[in-house]
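Trainee: Quick paste of what TrEMBL says about this protein:
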- Ser235: active site, nucleophile (ACT_SITE)
- His300: active site (ACT_SITE)
- 1-28: domain 'EF-hand' (DOMAIN)
- 123-146: transmembrane segment (TRANSMEM)
- 207-225: transmembrane segment (TRANSMEM)
- 231-250: transmembrane segment (TRANSMEM)
- 262-284: transmembrane segment (TRANSMEM)
- 296-315: transmembrane segment (TRANSMEM)
- 327-353: transmembrane segment (TRANSMEM)
Amino acid sequence: LLSQFDPDNTGYISTEKFRSLLQRHGSELDPHKLEVLLALADSNSEGRICYQDFVNLMSNKRSNSFRQAILQGNRRLCSKALLEETGLSLSQRLIRHVAYETLPREIDRKWYYDSYTCCPPPWFMITITIVAFFLYNGVVLDRFVLQVTHPLYLKNALLYHPQLRAQAWRYLTYIFMHAGIEHLGLNVVLQLLVGVPLEMVHGAARISFVYVAGVVAGSLAVSVADMTAPVVGSSGGVYALVSAHLANIVMNWSGMKCQFKLLRMAVALICMSFEFGRAVWLRFHPSAYPPCPHPSFMAHLGGVMVGITLGVIILRNYEQRLQDQTLWWIFLSIYVIFVLFAIFWNIFAYSLLDLKLPPPP
């Protein structure tokens, strides 16, 4: 139906032509869907409508923003941009700030701002951070800082150790141990500054999936590519979230209206590079206690790979477009294949290769 208004197959039609279509065929549509389409036309600041948005709505393959709109019946989007809203409370300004920090399209920012209730709150990232901090400081060796130069730093049941790789929980629980207060501090800062706003927008289910997928990919990457090293730190999950967010900003650069986005990207990249460089240096630095190797840095790379594949698809838009679903299944299949490969590698490769593994702690 829309193809006659888009002879060049650009995927867009002007809002004027779109309105004429609604006036001509509006009686054939569900009233709630018609209301959403009118809101889409009213709020679009670019003067054009994406054909994919129309298809997504009519096929019910759906978007958080449009689903919220349909559930809210005849509520309409305001015609002016969120940044022009005045008289907002502190919490409203915070929600608006989060919307502009994470979403590239104005209509998604408006629907998010209109529908967000902080129920549930961003509990996943906060819980992970609190648990990591208290386990790190209170349980391990009864010390404030778990130093890798200490001869007993491997003696706990949480970090990943190549000799204990049959204990499957270690592929996840290693995130609660860190190699020094600076390691913990950088991960906590990135986790809260990036993870909490992303969870506020995309929900705990999506963010926890990206985070846990990065954590598992990190430990499995170490077991495949750095087979003699242990792993500590939440960098796999943190790097998955941060790399997905940064890639999303780059891919939607013109639509992202966050302040100082170039500076923020530079700061995030500097922090990540500093922490990664420190991890590389530590890995190859001679151990103060030779039987105890230093932790691997491969978990960082595993997290980045998850972030720029699965993470980008999940965080690309507030909604999920039809073409994103195909990429989602492709990247998910690649991830599952890697996990299965790593499992078989752990079962068979260690016994076949003549490796000198560190003694069990």
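Just so you know, glycine gets a Cβ as well, placed from its N, Cα and C.
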Trainee: Cβ distance under 8 Å to Ser235 (active site, nucleophile), same chain, sequence separation 6 or more: which residues?
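Mentor: Ser235 (active site, nucleophile) has long-range Cβ partners Asn187, Gly218, Glu275, Phe276, Ala279, Ala299, His300, Gly303.
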Trainee: Which sequence positions outside the transmembrane segment (262-284), separated from its termini by at least 6 residues, show Cβ-Cβ distances below 8 Å to it?
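Mentor: Result: 148, 179, 182-183, 186-187, 189-190, 194, 226, 229, 233, 235, 239, 242, 246, 249-250, 294-297, 300.
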Trainee: Taking 10 A as the limit, how many CB atoms besides its own sit near the CB of His300 (active site)?
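Mentor: Excluding its own Cβ, His300 (active site) sees 25 Cβ atoms within 10 Å.
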Trainee: I'm a bit unsure how to read this: which one of 231-250, 296-315, 327-353 has the highest number of Cβ pairs shorter than 8 Å with the transmembrane segment (207-225)?
Mentor: 296-315
Trainee: Quick test of the contact rule: Cβ under 8 Å, at least six residues beyond the ends. What residues does that give for the transmembrane segment (231-250)?
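Mentor: For the transmembrane segment (231-250), the sequence-distant neighbours (Cβ-Cβ under 8 Å, at least 6 residues beyond its ends) are 102, 104, 128, 132, 146, 148, 159-160, 174-179, 183-184, 187, 190-191, 194-195, 198, 207, 210-219, 222, 256, 258, 261, 265, 268-269, 272, 275-276, 279, 295-296, 298-300, 302-304, 306-308, 310-312, 314-316.
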Trainee: Can you check how the pLDDT averages out over the domain 'EF-hand' (1-28)?
Mentor: 67
Trainee: Using a Cβ cut-off under 8 Å, which residues of the same chain at least 6 positions beyond either end of the transmembrane segment (327-353) come close to it?
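Mentor: Non-local partners: 162, 165, 213, 216-217, 220-221, 223-224, 227, 306, 309-310, 313-314, 320.
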